[in-house]
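Taken from TrEMBL as is:
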SIGNAL    1-27  signal peptide
TRANSMEM  67-85  transmembrane segment
TRANSMEM  97-118  transmembrane segment
TRANSMEM  148-166  transmembrane segment
TRANSMEM  172-195  transmembrane segment
TRANSMEM  215-237  transmembrane segment
TRANSMEM  268-297  transmembrane segment
TRANSMEM  309-328  transmembrane segment
TRANSMEM  334-357  transmembrane segment
TRANSMEM  369-393  transmembrane segment
C-alpha cells in the first residue's frame, strides 16, 4: 500500500513539473487577448491594491453585474508582493505565475484520475493535448472567471472519476458550484450531464435515504458558498446583490437594444474556426468523439452503466457547444471552461478509434500501424501548436513590451499617457509607473470607454459602491471620457505604413499618423506588430520563416511629446 502511494506521488510530481513548463511560459509570454480581461479584472484589482484603476459600467452600483468577491479573492494573493514593495509589473507577473501553478495542479490531478479510471492511453493523450494546445496556453494564466471555472471543472471532473460513489457527490457539486458562483454562472451547465448520471447511478446502487442525505448535504454546501459570496458583494456594493443572478438576467433576459449583442455579433461558424486555431487536430477528434463512441458501443459489449458513464463525460462539450453557438454574441473566452473537456473528448476518441482499428484488422502489422498513428498525431499536434503560439507571440505581443518602456515621472510632476485607437490593447495599469495617468483620446471607436474608479481618501475604496457619472449599459459614447491631445506627454499608437503605400491613400483625420509627426512626437520605443488586414490569411495562422510567410508588420510605438510643443 505504501509503495503504491509512493508511486502515485512520484507520478504526480513528475507530471506536475512537466505541466509547469508550458504554464510558466504562458505566464511570462502569453499576451492578453481580450480587453475585457484588462478593464473588468486587472483594473479593479489594481484599484483595490493602489487606489487607481479604470472602471467599466458593469461595476457601477447601478448595474452590479461583476463580482467584487472574485476581485478581492485575488487581492489576497497579492498581499505578499505588495508587502514586499514589488513593482506593479512584478505584481502582474506574480499573480500570473500563481495562476500557472493552480492550473498545473488541476491538470495533473485530473490526468492522474483519467489514468486510473480510463486507462494509460487516454491519460497519455489527455496529458499531451493539454500541455501542447494553444487554447490551454492562452487560457491557463488569464485573469478571467472562465479560467477560474476551467480550474474548478477539472477538479470536479477529477472527483467524479476518483472518489467512491457514496462520497463523491458533495465534492463534485462543490467544485462545479464554486466555479459557477465565484467564477461564471453559465459554467453550471457543464455539471448537468455529470450530476444527472451521478443521481441515477446513486438511486440504483444506494438506499434512497442515503441519496437524499448526501444531496441535502450538497445543497447545504452550495447555500454556504452562495451566502458568503453574496455577503461580500453586498458589502462592496452597499446593497443586497446576488451578482451571479444579475449576470444571468443581463445576458438572457435583457430587452431589445440591450444585452451582450450590442457589443458585436459573430457568424454561426465562429467557434468552429476559433477552436480549430486553438486545438487543430484535437478539436476535430473532439467533435467526432460522439459518433466514434457510438461505433465503439456497437462493436464492444459494455453494460449500460459504463455507457452512461462515458456519455456523461463527453456530452458537456456538445451541450456547451450547441448553447453558445446559437448565441449571437460570441467570445473566445466563453469556451475556456470547456477546454479540458475538449482534450478529454479527443483523447477518448483516438483511443476508441485505435481499438476499433485493432478489432477490424487482425493482421500481424496492425500494432505497428497503430504505433505510427500515435506518433503522427502526437507530432502533428505538437508542431502545429508550437508554430501557432510562436506566431501569436511574434506578431501580437508588442503591447506587452512597449508599456514597460514608459519612463517614471518625477514625484513633483504627473505626466499623462494617452491612448487612442489602441485603447483595447492596453495591458493594464500594472504596466504604468507611478505618477503617470492614463487617458483616452478620440479615435474611430464610438462605443463606451471605461471611466475611472472614484478615489476618496476619507473612505477605503469607495468607488466600489459610489455610482459614477457618464456610464450606461447601451454602449453609447460618452465624450467626457476623452482628453485633448494637447495635454498628452506620452502616446501609445500603431502605424501600419503598408496601408498608405497605395496611390490616393490619405491620412485619417481622426486617427492621424502620430508616429510620422516628428515635429511634435519623438519615438521612445517601437516594436513590430502584425498588420493583419494587409497580411495573407495563411501567414496569420502559423509561424513560418519570413521568406515563406510574407507577413507585413507595422510599428507599435511609445511616443514622447517634444516639450516645446505642449500647450
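Placed from the backbone N, Cα and C atoms, the Cβ positions cover glycine too.
All annotation found in TrEMBL is predicted automatically rather than curated by experts.
Only pairs six or more apart in sequence are counted, and the transmembrane segment (97-118) with the transmembrane segment (215-237) gives fewer than three Cβ pairs under 8 Å, not enough to call it a contact. Highest Cβ pair count under 8 Å relative to the transmembrane segment (309-328), across stretches 148-166, 172-195, 334-357: 334-357. A contact between the transmembrane segment (148-166) and the transmembrane segment (334-357) is present, since 3 or more of their C-beta pairs, 6 or more residues apart, lie under 8 Å. Counting Cβ pairs under 8 Å to the transmembrane segment (334-357), the stretch among 67-85, 172-195, 215-237, 268-297, 369-393 with the most such contacts is 268-297. Tallying C-beta pairs under 8 angstroms between the transmembrane segment (172-195) and each of 67-85, 268-297, 369-393 places 67-85 first. When Cβ-Cβ distances below 8 Å are used as the criterion, the transmembrane segment (369-393) is approached by residues 29-31, 125, 128-129, 132-134, 137-138, 277-278, 280-282, 350, 354, 357-358, 361, 540-544 of the same chain, each at least six residues removed from its ends. A Cβ distance under 8 Å defines the sequence-distant neighbours of the signal peptide (1-27), meaning residues of its chain 6+ beyond its ends; these are 93, 96-97, 99-101, 103-105, 107-109, 111-112, 127, 130-132, 136-138, 140-141.
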